[in-house]
Structure formats: C-alpha cells, structure tokens
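S.K.: Handing you a structure now.
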Amino acid sequence: MLFGELLEAVEVCATAGDPAVPVKGIAYDSRQVEPGFLFVAVKGFKADGHEYINEAIKNGAVAVVTQREADLPPGLAWALTPDTRLALALLAARFYGYPSSKMKMIGITGTNGKTTTTNLVAAVLSAAGQKTGLIGTIHNRIGDRILPVKHTTPESLDLQRLLADMAAEGVGTCIMEVSSHALALHRVAGCEFDVAVFTNFTQDHLDFHENMEDYLETKLGLFKSLALPGVKKQGKYAVVNIDDARAAEFIRSAGVPVYTYGIESQADVRAEGIEVSARGVNFTARGRWGSCPLKLKITGLFNVYNTLAAFAVTAALGIPANTIRDTLEATGGVAGRFELVDKGQDFAVIVDYAHTPDGLENILKTAVQITRGRLITVFGCGGDRDRTKRPLMGQIAAKYSDFVIITSDNPRTEDPLGIIDEIENGLKPAANECRYTVEPDRRKAIRAAVKAARPGDVVVIAGKGHEDYQIIGTRKFPFDDRLEAAQALEELK
Ligand SMILES: CC(=O)N[C@H]1[C@@H](OP(=O)(O)OP(=O)(O)OC[C@H]2O[C@@H](n3ccc(=O)[nH]c3=O)[C@H](O)[C@@H]2O)O[C@H](CO)[C@@H](O)[C@@H]1O[C@H](C)C(=O)N[C@@H](C)C(=O)N[C@H](CCC(=O)O)C(=O)O
Ligand SMILES: Nc1ncnc2c1ncn2[C@@H]1O[C@H](COP(=O)(O)OP(=O)(O)OP(=O)(O)O)[C@@H](O)[C@H]1O
C-alpha cells in the first residue's frame with residue numbers, strides 16, 4: 001500500500017517527502033522495523049519513540065509518522081498527526097484491510113470476569129458450529145490454534161494483524177477481552193464491535209487511571225463506540241450486568257438494544273434457585289429466552305454472573321437454548337480461576353487469580369459458603385501497581401478468613417515487606433476473629449497454609465491464578481501457585 005493511501009485513515013497536520021512510497025509493513029518499535037516499513041513514533045510512559053527515528057531509518061524505514069516536528073533526512077516521507085497512538089491504530093486497521101468488519105466482534109469489558117466470560121461465549125459459539133477467534137489474558141486462539149499473549153488486549157498494530165489472520169482463516173466471530181488500558185491507549189481504535197458486554201465495575205488500576213470516574217469513562221468508551229457510524233448496519237447490541245451499581249451508565253451509553261442479566265434485579269436473564277458447592281453451581285436461567293436449568297462445573301456466585309452474561313450474549317445471537325445449556329454444563333473452569341488442587345487430601349485447596357478487592361471478596365464469599373471447617377487465605381499485592389488496593393484487600397481477607405498468611409505477589413521493584421505492611425494496615429484493625437501471619441516467601445507461605453489445614457478446611461491461594469512466574473525486580477522467575485500447592489500436598493504425605 002502507498003504511504004499516501006494509508007494516510008487517508010488519519011488526521012494529518014503536515015507532510016513531507018513522496019506520498020507514493022510503497023509501505024511493506026508498519027512498526028511502532030524501531031527494533032522491529034524492516035526495509036520498506038513505516039515507523040510510527042509513539043511517546044510512551046518510559047521511552048519516546050521519537051528518539052528512535054534514526055534507528056528506525058537505519059533499519060530500513062521509508063516513511064515516518066510523528067506527533068511532533070522531528071529532524072528528518074531530506075526527502076523522507078513523513079506525516080505529522082496529533083496523536084500517534086491513535087494514528088497507529090487507524091493506520092494498522094487500514095493496512096490490514098479493516099479485518100474487524102469481516103467478522104462479528106464481541107468485546108467484553110469490566111473489572112472482573114472478562115477472561116471467564118470470553119471463554120464461555122467462545123465455547124458456546126464453537127459448539128454451535130462457528131469458527132471462533134479468542135483474544136484474552138491467558139492466550140489468543142484462532143480456531144483450535146493457540147497463540148501466546150503479551151497483553152490482555154494486544155497493541156493496536158498486533159491486534160489488527162491478529163484479526164487479519166483470523167479473517168484469512170475463516171473466523172466468523174471474534175470474542176475479545178477489552179481492558180481499560182486498551183481503551184485508554186487506543187488499542188481498539190479502528191475496530192468495529194457488534195456486541196459489547198459489561199461484567200462489573202469495581203476498584204482497580206488506580207495506578208493508571210486518575211480516579212474511578214476516569215476508569216469508568218474509559219470503560220464506557222467501548223459501549224459508546226457501538227453507536228458510531230460504521231460499515232456494520234444491523235444486529236448490534238449490548239449486554240449489561242444490571243446488578244452492578246454503574247449499570248445505568250453503560251445502558252445509557254450503548255445507543256443500541258441492551259439485554260440485561262442479574263441475580264438481584266429483574267433482568268432479561270436472571271438466575272434463580274442458586275446452589276453453590278466446591279465442585280460446581282446449579283441454578284435456573286430464566287427470562288426472555290425461557291427457562292433453562294443449569295448444572296455447572298465452575299462455581300461461585302461470580303461465575304453465575306459470568307454464565308448469565310454468556311447466556312445472554314449467545315441467546316441474543318439466536319443460539320438454541322439446548323446448545324447453550326450443554327456447552328455451559330460441559331465447560332470446565334478457566335485455568336487459575338477457582339482451580340482446585342486435589343491430591344486426595346481431606347481439605348480443599350483453591351488457586352484463584354483474584355487480585356482486586358472485589359475479586360478477593362467474591363472468591364472468599366464463595367469459599368466461606370463451601371468450607372466445612374475454617375478458611376485459610378494466602379495472598380499478597382503486586383508491586384508498582386495501584387497501592388490503594390492493599391489495605392482494602394487486607395480488610396477483606398480478615399473479614400472472611402479464620403487465618404491469613406500475607407505474602408508476596410509480583411513485588412516488581414518494590415520491597416515486598418513494604419507492600420505487606422500496607423496490607424497489614426488494613427487487615428490488623430479488622431482482624432477480630434482472624435489470626436494472621438507474614439511470610440514474604442510465597443513458596444513458604446503456601447506450604448505453611450497447607451500444613452495448617454485440618455479436615456474440612458478450605459485454603460485459598462489468591463492473586464496469581466494461571467501465572468507461571470513471579471516478577472521480582474524487573475525479572476520474571478518461574479513460579480506457579482498450582483505446582484507449589486501440589487508439591488506442598490505431596491510433602492504432607
Ligand atoms: C501502561 C501501558 O500499558 N504501557 C504499554 C505501552 O508502553 P509505552 O507506550 O509506555 O512504551 P515505552 O516503553 O514508553 O516506549 C514508547 C515507544 O518507544 C518505542 N521504542 C522503545 C525503545 C526502543 O528501542 N525503540 C522504540 O521504538 C516503543 O516501542 C514504544 O512504541 O505500550 C507498550 C507497547 O504496546 C506496551 O507493551 C506497554 O504495556 C506495559 C508493558 C504494561 O504492563 N501494560 C499493562 C499494564 C496492560 O496493558 N495491561 C492490560 C490489562 C490490565 C488488566 O485488566 O489486568 C492489558 O490489556 O494487558
Ligand atoms: N463476574 C465476576 N465478578 C467479580 N469477580 C469475578 C467475576 N469473575 C471472576 N471474578 C474474580 O476475578 C478473578 C479473575 O477472573 P477473570 O480472569 O475472569 O477476570 P478478568 O476480568 O479477565 O481479570 P483480568 O483483567 O485481571 O485478567 C477470578 O479468579 C475471580 O476471583
């Protein structure tokens with residue numbers, strides 16, 4: 001494609017050089033530039049891509065897009081645009097032929113439940129015979145082919161390339177998690193969504209968003225995008241958790257038909273007769289699409305919500321209720337989400353990715369419902385991330401648990417004991433009936449919890465879920481809560 005043709009997709013303030021230069025590829029990282037590429041210089045949080053323009057040219061860039069004047073070799077094709085992050089997304093969408101317009105796009109946003117809901121929706125649509133693509137925290141997938149991930153929602157250029165691969169391989173529907181970082185950083189600009197889903201809104205990412213209102217406004221962006229003019233004319237809708245305190249804002253923002261789901265309120269699909277156990281949850285999904293009893297292998301009230309969301313999304317697409325039911329009943333959990341580690345012991349060990357106050361509260365509420373003895377909780381909080389979560393999570397752990405072990409969870413460049421102190425500040429005043437101890441070594445903390453457990457107890461190891469590493473300083477070290485727990489259980493024998 002010619003540079004000038006690509007530029008039609010973006011707002012251009014000034015240009016230089018030959019717009020007829022052919023562009024063979026696009027890169028936002030100078031180290032990824034190959035001969036014939038367009039380099040888009042992005043001003044980041046750590047580095048400024050404008051400082052790497054010379055390196056990009058050395059690597060073969062034939063054109064450059066910047067958001068400020070730059071000292072460039074005479075004759076080089078160049079364009080100035082107000083926001084290169086946004087331009088990167090729009091240029092990439094054009095370069096790859098607007099792949100999101102070639103398939104149905106389902107975007108799922110919310111603080112918690114995105115991964116689980118995405119997987120449930122994808123499972124139902126695949127069972128209904130559709131070729132699906134999935135984009136999310138654990139992996140990306142095209143049909144049956146699993147691809148590794150760097151982000152929950154990829155950088156715009158990588159996203160458009162992935163969508164183009166999906167379109168080329170005949171994917172009819174792409175189900176993707178849309179993180180608030182992705183919305184704020186324009187990673188999904190240039191994507192036209194058919195369906196937007198809102199799971200819930202609670203505190204997270206206050207290291208990135210200025211405050212909760214800014215975080216909310218960012219998430220609403222996905223819903224507002226549904227009403228924007230696009231090539232898709234029909235069949236757009238939104239799905240909203242009506243029990244969430246901020247549901248009304250999402251409903252108002254959608255500008256397309258909205259289907260609601262919930263437990264506490266009247267909704268298009270609601271759960272009745274909920275029975276939660278360690279190994280699953282039973283309930284009846286009732287409402288606009290009839291009545292459908294479900295016996296699920298995943299558990300917890302929060303998974304009732306995720307299931308209802310998947311039910312509403314797929315029922316609204318016209319998938320028959322028996323296909324939805326059979327698939328939801330057959331679908332096991334997502335890796336690291338309420339994952340039981342079972343070595344035949346007489347107490348339950350649950351590994352869960354809960355790393356927000358709300359996530360932790362949900363998992364502990366469920367654990368309290370299923371324990372026949374005590375609840376022992378092992379958790380920590382990430383370093384270099386939202387600090388305000390730490391005392392809150394301490395409070396929540398104390399509220400539900402009989403015994404808490406505060407430990408490390410990706411301390412990054414912070415001192416783990418400093419993070420633990422902040423958690424303890426919230427936990428201590430709330431720890432009436434709850435004993436607690438501090439063990440900064442997560443391996444030892446897991447062993448101590450397993451050793452302390454008695455028959456009927458539930459041990460919850462929260463925070464890392466499917467992750468197979470621990471980030472200490474700037475390095476990733478192999479570490480997997482599930483393997484650690486399994487080993488600790490073997491050592492008990
Ligand atoms: C805060 C954030 O999201 N930052 C993302 C952002 O980084 P950045 O733009 O600040 O990058 P930077 O390092 O300052 O570099 C600026 C520019 O210079 C370029 N550069 C840099 C060096 C060089 O030699 N040459 C060069 O061209 C870089 O390629 C970049 O274009 O753009 C980068 C490229 O896409 C991302 O890798 C990076 O994600 C960081 C690593 C990250 O941790 N992001 C997390 C917080 C995130 O996005 N999480 C959400 C999910 C959250 C959740 O729900 O739990 C996600 O969607 O994954
Ligand atoms: N609907 C829900 N409401 C509240 N908490 C939930 C819900 N679903 C899952 N959780 C909790 O959040 C954790 C993460 O779940 P999941 O991976 O599905 O969410 P996510 O939104 O993808 O998270 P992240 O954005 O951090 O990857 C779970 O292990 C569980 O503790």
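For all residues, glycine too, the Cβ spot is worked out from N, Cα and C.
What TrEMBL says about a protein is an automatic prediction, not a curated fact.
Not measured: the values here are computed from a predicted model.
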S.K.: Can you find which of ARG372, ARG374, ARG385, ARG435 TrEMBL lists as binding meso-2,6-diaminopimelate at the same site as ASP409, ASN410, PRO411, ARG412, GLY463, GLU467?
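M.R.: For the meso-2,6-diaminopimelate site that includes ASP409, ASN410, PRO411, ARG412, GLY463, GLU467, TrEMBL also lists ARG385.
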S.K.: So of THR111, ASN112, THR115, THR116, ASN410, which of the binding-site residues has the fewest other Cβ atoms within 10 Å around its own Cβ?
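M.R.: Across THR111, ASN112, THR115, THR116, ASN410, these binding-site residues, the one with fewest Cβ atoms within 10 Å is THR111.
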S.K.: Looking only at the domain 'Mur ligase N-terminal catalytic' (23-71), how are its residues distributed among DSSP helix, strand and coil?
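M.R.: Computed counts for the domain 'Mur ligase N-terminal catalytic' (23-71) are 13 helix, 13 strand, 23 coil.
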S.K.: Sort ARG412 (meso-2,6-diaminopimelate binding site) into helix, strand or coil using the DSSP assignment.
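M.R.: ARG412 (meso-2,6-diaminopimelate binding site) sits in a strand per DSSP.
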S.K.: Would you kindly list the residues that approach the motif 'Meso-diaminopimelate recognition motif' (409-412) from elsewhere in its chain, counting only those six or more residues past its ends and only Cβ-Cβ distances under 8 Å?
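M.R.: For the motif 'Meso-diaminopimelate recognition motif' (409-412), the far contacts come to 355, 379-385, 419, 442, 463-464, 467, 470-474.
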S.K.: Could you round the CA separation between ASN112 (ATP binding site) and ASP409 (meso-2,6-diaminopimelate binding site) to a whole angstrom and send it over?
M.R.: 18
S.K.: If we count other C-beta atoms within 10 Å, could you say which of the binding-site residues GLY110, PRO411 has the fewest?
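M.R.: It is PRO411 that, of the binding-site residues GLY110, PRO411, has the fewest other Cβ atoms within 10 Å.
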S.K.: Give the subset of the recorded positions LYS219, ARG385, ASP409, ARG412, GLY463, GLU467 lying near ligand 2, defined as CB under 6 A from any of its atoms.
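M.R.: Cβ under 6 Å from ligand 2: none.
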S.K.: For meso-2,6-diaminopimelate, what surrounds ARG385, ASP409, ASN410, PRO411, ARG412, GLY463, GLU467 with a Cβ no more than 8 Å from their Cβ centroid?
M.R.: HIS355, GLY380, CYS381, GLY382, GLY383, SER408, LYS464, GLN470, ILE471
